[in-house]
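Peer 1: The structure under discussion is supplied below as structure tokens; questions concerning it will follow.
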Amino acid sequence: MIPLALLTLLSSTLIDASPAAAPLSHASHADAPLFPQSQYNSNAHSHYYDKRSPDGLHLELTRRASHWNSSSGALDLTYYDSVADHIRGKYGYANRAQKRALAAGASWDDILHKRAAADLPVVNQRADSSYFGTVQIGTPPQPMNVILDTGSSDLWVADSSCQTCDPTTPLFSLSRSSSIQGGGTSGQRVTIRYGSGEVAGSVAQDTVAMGPFTFPQQTFLAVDQTSNGLLDGSVSGILGLAFSAISSTRSTPFWLNLLNNGGTANSLTAPEMSFWLRRLRGVPGVQLEESGGVFTLGGRNTSLFQGDVEFLPLTGGNTRTFWLLNLAGLTVNGNVVNVATGNAGVSAIDTGTTLIGGPSADVRAIWDAVPGSQPVDGMDGFFSFPCTQTVRMTISYGGQFWPINPRDMNLGRLAPGSSQCLGGVFDLGLGSSIVSGGGNPNWVVGDVFLKNVYSIFSAGNPPSIGFAQLSDAAGGSSGTPGTNANPSPNTGNSNDGNSSGTGTCSFLVPSCPVFSCAVVNLACLCRKRCDWRHTAGDERCVGSGGRCSLGNDVRCERIHLHLHHPPRQRR
């Protein structure tokens with residue numbers, strides 16, 4: 001069986017001053033930790049555990065910091081306001097400027113004419129929990145950090161001709177690749193507009209690799225113009241993981257090209273992509289970029305979830321666009337909230353979105369269930385609530401009610417000393433209808449929810465999304481999922497056989513590397529000591545108490561651990 005690729009994600013968290021990052025070490029795969037230092041260098045090449053097991057190979061991704069005012073500890077409210085507008089634009093809703101234009105008498109046709117790709121999704125890469133990994137483009141390969149986005153379908157990266165990119169953005173050089181086709185002045189021009197910003201560039205084809213998987217002549221957009229700080233830091237672009245129908249370059253997404261490779265060495269084991277998105281919100285002392293979870297391309301990592309997987313078939317007809325599910329129910333603090341469900345509650349499940357956005361009436365009903373909540377002045381669609389309140393929300397798409405950790409519902413205080421905190425669910429529509437003919441979802445469900453489950457995006461028959469409870473090794477879920485008294489008859493509740501179940505290879509990167517496969521080298525899992533042990537007959541890792549520093553003084557022991565497979569001699 002062809003191996004899959006497990007990729008370690010880096011999400012966003014609270015910013016704390018961190019020392020300069022040390023270079024990655026090309027350590028022996030079997031005998032030494034991949035990251036001997038406690039820092040992570042986001043500019044280094046991606047690594048993977050180069051041992052092909054029946055289930056896969058493993059790659060690292062990177063995590064970014066959230067937008068707080070580091071001097072005062074207050075939220076950057078303008079940032080979250082911008083996030084909401086980007087999400088609205090991504091899914092074809094009116095942003096605030098367009099709402100003003102409508103009120104002044106402009107028509108949707110006028111507005112859409114100015115937004116040539118109104119329904120083409122673009123990730124807001126400065127999200128509070130922004131998860132990205134590394135692809136290699138060109139010959140010789142150039143490493144580019146890209147947001148992993150199930151809410152879009154195109155691969156695009158900033159190229160070396162970009163004059164409006166942030167000075168710190170790593171840029172792809174077309175002239176350095178001997179295999180490039182198109183791009184520059186010879187490529188078709190494409191502009192993607194959304195919210196209050198845009199990216200523009202030329203269509204190109206080149207060899208693209210992610211870990212062990214390579215596809216020659218993958219179409220991508222070489223971006224030479226950006227606006228509104230869309231790219232900063234070490235992120236160079238976006239890797240879209242949705243379907244071809246919404247591709248602005250009219251091309252097949254990278255993951256689908258791998259899936260359609262017909263059993264070659266570069267095809268996926270199973271038609272799946274899976275995510276564990278790690279939560280570090282509120283953890284003191286974490287670094288600017290850290291391990292943010294695990295992305296599995298071509299299967300699932302059974303060590304990161306427990307119990308059955310609840311698979312739910314996609315909605316939205318035969319033409320696949322976004323990863324869409326119908327909302328079946330929602331509760332707040334144990335009380336059922338009256339929200340539109342079924343076809344009136346179509347939800348895009350989007351790893352590239354930080355927050356949860358929904359219809360005006362439904363979002364209002366959610367916050368009406370929280371005593372003391374109120375709209376935030378100057379932030380259309382946002383609500384605050386007393387910081388002393390604990391908001392416990394659950395969501396169902398036809399079977400289980402999946403709980404959201406209250407920390408994810410609370411984005412932080414509106415200002416230093418304020419008694420009100422910003423909520424993680426906002427009004428997507430701003431009271432307006434969906435853009436006519438856009439085929440837009442009613443809800444956009446991002447990382448506020450996805451950090452609380454193990455999610456599997458399956459292109460099998462039928463295409464579906466699966467949710468499972470996180471394992472202890474993945475930090476555990478935010479409570480036990482509840483059962484709907486009248487579950488949907490379309491709800492699956494078991495593993496569907498797309499993964500062989502014979503074990504997976506994975507590792508967590510930066511400061512706290514963990515390797516797991518037939519033999520596991522355990523170094524340090526953040527905030528846990530390193531003397532982890534394996535209980536016979538139990539597939540979970542069990543750790544002792546204590547805390548693990550993230551500084552240079554981290555001391556980690558390495559022991560061996562076998563998951564599923566018998567022990568194997570190390571070379």
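Every residue gets a Cβ built from N, Cα and C, even glycine.
Positions annotated as active site by TrEMBL: D149, D350. The domain 'Peptidase A1' feature in TrEMBL is assigned to 131-468. If you look up TrEMBL, you'll see 472-497 marked as region 'Disordered'. Sequence annotations record features per position, and here TrEMBL assigns signal peptide to 1-17.
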Peer 1: Got a sec? Which of these active-site residues, D149, D350, has the most Cβ atoms within 10 Å?
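Peer 2: Most Cβ neighbours within 10 Å: D350.
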Peer 1: Taking only the Cα atoms, work out how far D350 (active site) lies from D149 (active site), in Å, as a whole number.
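Peer 2: Just about 7 Å between their Cα atoms.
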Peer 1: When DSSP is mapped onto helix/strand/coil, what comes out for D149 (active site)?
Peer 2: strand
Peer 1: Let me know the model's mean pLDDT on the domain 'Peptidase A1' (131-468).
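Peer 2: Here the mean pLDDT over the domain 'Peptidase A1' (131-468) amounts to 90.
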